Amino acid sequence: MIPLKNKGMFLETILNITNKKYNDENICLVNKIPTNFKILSNEFSDKRTFVFDQNYNCDYIGVYKGEYIEFEAKETSKKYFDFNLIRNNQNEKMQKVHNHGGLSFLIIYFSEFETYFLADYISVKQWVFNNKKRVPYEWFTKFAYEIFLSSDLKLDYLKGINNILKK
């Protein structure tokens with residue numbers, strides 16, 4: 001099991017390596033969107049405080065086979081994925097991407113099981129709407145696409161996208 005001291009950093013690192021390979025091989029164009037932050041200063045102190053600013057985009061955006069894609073990458077050490085980890089502005093953005101014909105999805109890493117899944121955002125959202133905010137691991141095994149990490153550190157999530165595009 002991978003320790004999650006830097007929550008999200010393991011999956012993010014793997015995805016950054018994967019996306020560089022995809023970009024270098026001209027398979028697709030996907031980029032990480034940097035996190036916005038504000039610097040707060042106090043005129044009475046030399047200390048600076050950094051706070052995260054609301055970022056309207058998700059973690060990654062790109063184009064694959066002429067389709068606009070936008071997705072969030074999340075890690076969990078639990079036997080479920082907590083939908084509350086998706087911020088309201090990210091929910092709104094993924095819904096708008098879907099409404100305009102783009103593809104929005106989640107890539108979830110379950111560290112306890114050392115498994116990765118690609119789940120269509122709308123499918124996850126429907127489950128949450130009809131059930132609860134904690135989406136169990138079993139749901140992902142039935143309704144999402146398991147994706148695999150190769151020996152050269154490529155997380156082949158394009159197979160999951162291809163399955164969604166076939167629908």
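Quick reminder: no glycine exception, Cβ is built from N, Cα and C everywhere.
A TrEMBL annotation is a machine prediction, not a hand-curated record.
From the candidate list Glu72, Glu75, Glu112, the residue TrEMBL records in the Mg(2+) site shared with Asp59, Gln90 is Glu72. A gap of 13 Å separates the Cα atoms of Gln90 (Mg(2+) binding site) and Lys74 (site 'Transition state stabilizer'). Asp59 (Mg(2+) binding site) sits 9 Å from Lys74 (site 'Transition state stabilizer'), taking the CA atoms of both as reference points. Taking the mean position of the Cβ atoms of Asp59, Glu72, Gln90 as the Mg(2+) site, the remaining same-chain residues with a Cβ inside 8 Å of that point are Asn57, Cys58, Tyr60, Glu70, Phe71, Ala73, Lys74, Ile86, Arg87, Met94, Leu106. Taking Cβ-Cβ distances under 8 Å and a sequence gap of 6 or more within the same chain, the neighbours of Glu72 (Mg(2+) binding site) are Cys58, Asp59, Tyr60, Ile86, Gln90, Met94, Leu106, Ile107.
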